[in-house]
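Straight from TrEMBL, here's the annotation block:
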BINDING   His70, His72, Lys165, Asp281  Zn(2+) 1 binding site
MOD_RES   Lys165  N6-carboxylysine
BINDING   Lys165, His198, His221  Zn(2+) 2 binding site
SITE      Arg167  site 'Transition state stabilizer'
DOMAIN    299-346  domain 'Amidohydrolase-related'
Amino acid sequence: MKVDLLIRNGRVIDPSQNLNGHYDLAIREGRIVGLYEKGKTTDAQGMNLEGKETVDAEGYVVTPGLIDLHAHVFPTKTSLGVAADRVGVEQGVTTVVDAGSVGLWSFDAFLEEAVYPSVTRVLAFLNISGDGLCTGGGELADMSRLTPREAAALIRKQPIVRGIKARMSGSVVKQNGIQPLLVAKEAAREAGVPMMVHIGNAPPKLTEILPLLDRGDVVTHAFHGKKGGMFDERGELIPEAQDALGRGVLLDIGHGEASFSFQTLRHAQAQGIMPHVISTDVHQRNIDGPIHSLTHTLTKFLAMGYSLDEVIAASTLAPARILGLENEIGTLKVGACADVSILQIKKEPTMLTDSEQETLETKERVVAYQAITSGKVLTCK
């Protein structure tokens, strides 16, 4: 049987199927049509598979296409934005999710200028402010510019919008306190999608924010090193966070320029808490450091003692589930979209830096080799 693409000899890690071993992967018409033990590529009729194109992945790790759940990829209308392909397929990431750069009033421009021109799949958490980040920030300071009903209606029509974003920091909400989150929740529940809630400096306090979140909602920047975070002065998880986790609220890294601390992660590890999702919050001010790429961010978690299987799950299966797309992306199951990342675990000393300027040296790093999106092979830069 002829297929469009065969990926041979790679070490396949697919948390959606609990796979970690050597397999060959067959792709046809942009879909995964077979996953075979290495060297046993025969179809159900016993016919040998032949690929119009073959990738030899010997020595590489083959995973479902990486998903960055928190990025900013609207460069034509926001000062923070970077081109989706620059932080997407060029870095081994097949799906990026714009986290609130776009609001209702700039959505058409977002489609034309960020989504349609990109090889990378671009999805979005829609900012509850109609402005999004197009006016530079402080978008939740004027309640009259929040668009809950219109946002819910747009989500029902536009499948690329997978949730609602609200930045709940004092510099964003100003005098409005918790009120913008109540409006965001109204829109998200009406549309049947999760919220992604940015946490940072109070007000509002995290103890006010967390009780309003439901199962499937996402706290991004959950492991920042600022005061008033998920962990108290003794490094203990605050009760409101414990309750939220018990309800099924999810924790996202959202590393960013100022939102990830190795020390906070150590507090979490000591209490058996792992982030559900590893994402970058990549934008113009951090792409040259400390973020660099999603694979560089994954390297930090390997250096902190997490297994390769765990970090791949947190950047494929977990975000796909949040997006409600776990049967399409974040998996190598037969029938899924043929989005694949081919990675190398490169043995070389690497210095890693968090948002608090703490450094950590590691002896290996994750490097993107190729990205395959809908069956098309691209070599990473």
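One is the number of the first residue shown, and numbering goes on along the chain from there.
Placed from the backbone N, Cα and C atoms, the Cβ positions cover glycine too.
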If one measures from the C-alpha of Arg167 (site 'Transition state stabilizer') to the C-alpha of His198 (Zn(2+) 2 binding site), what distance in angstrom results, rounded to a whole number?
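Cα to Cα, Arg167 (site 'Transition state stabilizer') and His198 (Zn(2+) 2 binding site) are separated by 5 Å.
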So around the Zn(2+) 1 site, His70, His72, Lys165, Asp281 aside, which residues have their CB within 8 A of the centroid of those CB atoms?
Ala71, Val97, Asp98, Ala99, Gly100, Ser101, Phe125, Met196, His198, Thr220, Gly254, Gly256, Ser279, His283
Just to verify a number: CA distance, His72 (Zn(2+) 1 binding site) to His198 (Zn(2+) 2 binding site), in angstrom, no decimals.
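The separation of the Cα atoms works out to 14 Å.
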Within the chain of His70 (Zn(2+) 1 binding site), which residues six or more apart in sequence place their C-beta under 8 angstroms from its C-beta?
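Looking at Cβ-Cβ distances below 8 Å from His70 (Zn(2+) 1 binding site), excluding near sequence neighbours, one finds Val97, Ala99, Met196, Thr220, Asp252, Ile253, Gly254, Ser279, Thr280, Asp281.
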Could you name the residues, excluding Lys165, His198, His221, of the same chain that surround the Zn(2+) 2 site, i.e. Cβ within 8 Å of the Cβ centre of those residues, in sequence order?
His70, Ala99, Gly100, Ala166, Arg167, Met168, Met196, Val197, Ile199, Gly200, Thr220, Gly254, Asp281
Here are the recorded positions: Arg167, His198, His221. Which has the lowest count of other Cβ atoms within 10 Å?
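Taking Arg167, His198, His221 as the recorded positions, the minimal 10 Å Cβ count falls on His198.
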What counts of helix, strand and coil residues does DSSP assign across the domain 'Amidohydrolase-related' (299-346)?
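Summed by class, the stretch gives 17 helix, 8 strand, 23 coil.
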Does Lys165 (Zn(2+) 1 binding site) have same-chain partners at least 6 apart in sequence with Cβ under 8 Å from its own Cβ, and which are they?
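Result: Ala99, Gly100, Phe125, Leu126, Asn127, Ile128, Ala184, Met195, Met196, Val197, His198.
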